[in-house]
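Written out below as structure tokens is the structure these notes cover.
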């Protein structure tokens, strides 16, 4: 199933909502207060292709295999699963990655639809956001109107992997909302609603984050406290429409490459620090850095099918080539899906381009573009390997002594050996052209290294 199919099952026909009266609910007298609901209404959604409720876990079932995550994340909204036993007055230091997601211009729905339909549409969007966050091992914490707060990370997950999960969740949210859900709603409602999404992300270490049980008596909530957590809502507010704002905690901890970010520009000037730029106890501004995630560039790194991440339309033969990365673990070749997790240093990698012969696939010109980023890479930042294949024979053109071409199971496999050396995010891109420089295929794999 594709993202398009899942969205069609869950969002087509949202405009067709009828009402029927439900049984009146009896009121209950509380201390000093009388509560009575009277006549409630049950929404009966008449969908052309889906049942009355979103098919829970369908986005998860589509997304998780691409990130090599087993099973489903069935955690309910609320307390982080490791902290359910935290009593009132207790605190606990635990790192976390905090996410705030806000759906922009959703208030306009109230001007276009009856409120009953507005409820259904907004609820469906939030349900999808919850499932996408859970697909990347996030823990939805709280709903606030048309916004969602979530946490990533736990004691048995590395900090690096939690950050990668959060960034991947932000990029996947943007992809599915902007390219699938919002267009489906526009078509169904018959209006260009101009919905958008803004996301804030930041990481806080153990000494920066305290979890506590806040509240009184039965009115309690276990949540996180600390500057990185508190600032994430402000990051979301500063994010441009349809992108995510990354906080200093993420930028610094994994040495996230500037090439995959953009500056925040306000009134023609770059905004380098989160605003308001609060001061510390010495009265000095904290100057907490911010950068926008470059969604267009990072989206290309997601391990989804080319059609799903909107790359197939620019290439001629998306289905006659396949680009993969393998890591050697315990003397075995293990598939590593792009940006799916952080790898240790000193691991051998093999990039493989499979070429499936077919009509139109003749002689080829192939370039592998390696790009390292970050402080550890320093001068070792980029290298290109160029080869051509003529009459099914490999011709090495540039820096290609280590490349090899094998015939296997009816296809040709071109291999490029590499190694994990530098901390951060690094990429290998392949570009395949035919005669007259026609673009046959292009794909890119991101490798996170601890």
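Just so it is clear, glycine is given a Cβ too, placed from its N, Cα and C backbone atoms.
Computed from a predicted structure; not experimentally measured.
Site annotation (Swiss-Prot): Mn(2+) 2 is bound by 102, 103, and the candidate from 131, 137, 146 recorded at this site is 146.
Residue counts for the domain 'Guanylate cyclase' (97-236) under DSSP (helix as H, G, I; strand as E, B; rest coil) come to 72 helix, 44 strand, 24 coil. Around residue 100 (ribonucleoside 5'-triphosphate binding site), the same-chain residues at least 6 positions away in sequence with a Cβ under 8 Å from its Cβ are 147, 148, 149, 199, 200, 232, 233, 235, 236.
Sequence-distant contacts of residue 146 (Mn(2+) 1 binding site), defined as residues of its own chain at least six apart whose C-beta falls under 8 angstroms from its C-beta, comprise 102, 103, 106, 107, 122, 125, 126. Apart from 102, 103, 146, the Mn(2+) 2 site neighbourhood in this chain, defined by C-beta within 8 angstroms of the site C-beta centre, holds 101, 104, 106, 125, 145, 147, 148, 197, 198.
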